[in-house]
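Heads up: the structure comes next, in structure tokens.
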Amino acid sequence: MAALTLANTNWQLEANASAHHTDKYSSTELIVRRGQSFTIILTFNRALQTGESLTFTAETGPKPSLQAKTQAVFDISSTASNSTWSAVQQSTNSSSVSISISSPANAAIGRYKLSVQPASGGSASRRTLGTFVLLFNPWSSGDDVFMPDSTERKEYVLEEFGIVFVGNVNRISKMGWNYGQFQGDILNICLSILDRSLSYRKDPATDVSRRNDPKYVGRVLSAMVNANDDNGVLLGNWSGNYSGGTSPSSWNGSIEILQKWKDAGFKPVKFGQCWVFASVLTTVLRCLGIPTRMISNFNSAHDADRNLSVDEYYDDSGNPLNMGGDSIWNFHVWNEGWFTRSDLGPSYNGWQILDATPQERSAGIFQCGPASLIAIKEGDVDLDYDAPFVFAEVNADRITWTYDTRTREAKPISSETKSIGQFTSTKAVGSYARVDVTNNYKYGEGSKKEREVYEKARTKLGRVHGFSGTSEKRPEIDQKPEISGKFKVDGSLEIGKDVSLILVLRNLTTDAKTVKANMTAWAIVYTGKPIHEVWKDSLSPSFTSEEEKQFPIKITYAEYQQNLTRDNMIRVTALCQVESGIDVVVERNITLDNPDLVMQVLSDAKVNEPVNVEVIFTNPLDQEVKDCVLQAEGSDLLKGKLKIEMPSLQPRQSSKIPFEIIPTKSGTKQLLVNFSCDKFPDVKAFETINVAN
């Protein structure tokens with residue numbers, strides 16, 4: 001009888017992809033999830049005889065080994081195993097054999113080579129069948145990333161579109177993002193990211209063997225999505241000057257960024273800021289099968305010295321100073337990934353914070369997390385990883401100082417506990433609504449429990465960092481303020497219009513008071529970093545007992561136009577000095593709105609049929625706008641990115657920009673557009689399109 005030789009392998013791509021929820025990937029390779037069986041059909045030169053068996057080998061990484069669990073050798077058995085690789089013969093049809101192969105729910109993820117060796121009387125050689133990709137499996141109860149709720153799985157694993165919440169506490173706005181984790185070459189690029197990490201370069205075999213653990217994979221990716229240390233995907237830039245690269249606010253999705261990184265020979269893409277890092281990390285984690293969502297935190301603290309308080313400094317003219325490492329960002333965006341914490345215990349399972357924005361080093365490199373969300377809420381800042389930094393982001397205390405630039409003396413003037421970490425937000429499951437998750441991160445501000453947790457965290461940190469916890473001397477503020485103040489917005493806040501505010505000051509005492517108020521307005525980056533002064537003024541009003549007065553303020557378009565950053569943000573400050581009393585800082589961050597971009601889809605969308613779209617932009621200014629460009633993108637609607645250069649627009653002129661899309665898949669899709677010109681960078685809109693078969 002002829003030796004048994006393999007003639008053909010049928011990977012059952014469609015049936016396996018459907019069973020494994022991987023049918024959205026654009027690939028001709030088998031993509032399956034761990035802890036679940038897949039079926040292949042092997043055709044030989046003749047039928048298998050009694051006593052002939054097949055031995056399979058599945059292996060991943062550069063140095064596969066049985067000991068490291070990156071190689072498995074298994075014969076055909078009568079039943080599938082949950083804990084090891086196994087093969088079960090399902091049926092035989094003359095020379096074809098249907099085999100069901102199962103991987104353990106804790107197998108390392110990545111690209112595997114599968115081979116078979118027929119074993120009969122003679123020694124047959126091992127034959128490679130090909131490769132397949134193994135992913136995390138949120139559908140499998142045995143997997144560390146198991147997510148029981150099917151609507152949540154659909155959102156946090158399968159959804160290719162998201163909403164990012166940005167702005168400031170007074171005005172939260174949203175923009176769309178195209179994650180595109182199933183598009184084109186994205187899966188291969190995500191696997192390349194793992195293969196270019198510092199851990200892989202140092203010890204490839206160990207790194208690959210640890211890819212069974214979502215904690216490990218998440219931490220490695222939090223380092224690799226930023227370019228610091230390892231030539232990762234994105235280079236951060238918060239300077240306000242983005243020449244030599246793409247401004248962070250002009251990206252609409254992750255696909256272009258990941259593709260650019262690969263096409264440039266894995267050199268960092270310029271430039272990212274927090275929501276770009278977080279959006280790319282969302283794409284990569286969802287692509288690999290880890291349920292992930294984006295979190296936006298408003299008034300987010302960057303506590304550089306790990307004492308759970310942030311210090312803000314002003315000079316006596318009321319100018320914000322770039323002093324010390326601490327800062328308070330108008331907003332900051334990070335990720336939560338869903339998995340168990342075998343290292344901490346089951347009470348810390350669930351959402352885990354990961355942050356790819358390079359802010360502080362952790363174990364020597366710019367990475368952050370995973371920190372258990374439950375640990376943050378309970379003040380367990382001694383638990384891995386990076387809990388003190390995350391705790392401070394949502395719950396640091398805030399101390400305001402005046403700094404005398406002549407004597408170099410700093411004086412604390414106020415301290416408060418409630419303003420950091422507000423409106424912590426994520427996208428709702430199945431809709432574009434904002435869900436407030438602040439209570440996941442901390443107990444209610446002002447509650448006894450919140451202060452208890454804060455003091456517990458300080459005590460734990462004190463042990464680690466050598467200050468004596470609660471008894472560490474915090475700045476003594478020996479006087480109560482004699483006046484209070486706030487800025488109120490008077491009218492609309494739109495680019496091209498003057499900014500009208502009202503400074504409201506109130507005498508808190510029964511004595512007559514004279515106040516000197518030094519006021520400044522600075523164009524800032526969203527991290528709070530002052531870039532350019534745009535306006536200043538001063539007042540010296542007198543107050544009778546408990547009197548309140550209002551002072552109208554106007555900052556003209558001409559004053560701020562040249563120096564506004566792409567974040568459209570201005571910080572207005574009044575440093576109020578009372579004779580023999582304590583200084584009071586009144587501040588407000590304002591975000592100016594871009595003009596509207598109107599998008600209309602002019603016909604019903606069907607697969608492989610052109611759909612006409614029209615975008616309308618109206619120049620609201622009394623001056624011409626130049627260098628007008630419209631960009632559009634959308635997964636399964638456009639191949640790559642559409643870019644249309646447009647003529648200049650005269651004052652008050654409207655422009656209609658028509659273009660065509662051809663949907664390639666049915667379902668709910670999103671089209672994103674971004675209009676830029678010399679006066680209005682990055683005006684965005686998105687539209688939901690339901691594509692019929």
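Each Cβ is built from the backbone N, Cα and C atoms, and glycine gets one as well.
Note that TrEMBL annotation is computational and uncurated.
Marked as domain 'Transglutaminase-like' by TrEMBL: 266-358.
Annotation source TrEMBL lists active site at Cys274 (among others).
Applying an 8 A CB threshold to same-chain residues 6+ apart, the list for His332 (active site) reads Cys274, Ser296, Asn297, Ser300, His302, Thr357, Glu393. Among the features that TrEMBL reports, active site is placed at His332 (among others).
The active site feature in TrEMBL is assigned to Asp355 (among others). Residue density at Asp355 (active site): 31 other Cβ atoms are found within 10 A of its Cβ, drawing on all protein chains shown.
For Asp397 (Ca(2+) binding site), the number of other Cβ atoms no farther than 10 Å from its own Cβ, over all displayed protein chains, is 21. Under the heading Ca(2+) binding site, TrEMBL lists Asn395, Asp397, Glu445, Glu450.
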PLDDT averaged over the residues of the domain 'Transglutaminase-like' (266-358): 96
Euclidean distance between Cα atoms of Asp355 (active site) and Asp397 (Ca(2+) binding site), Å: 21
Local Cβ density at Cys274 (active site) - other Cβ atoms counted within 10 Å: 27
Spatial neighbours of Glu445 (Ca(2+) binding site) that are distant in sequence (at least 6 apart) but have CB under 8 A: Thr417, Lys418
Distance, Asp355 (active site) to Asn395 (Ca(2+) binding site) (CA atoms, angstrom): 17
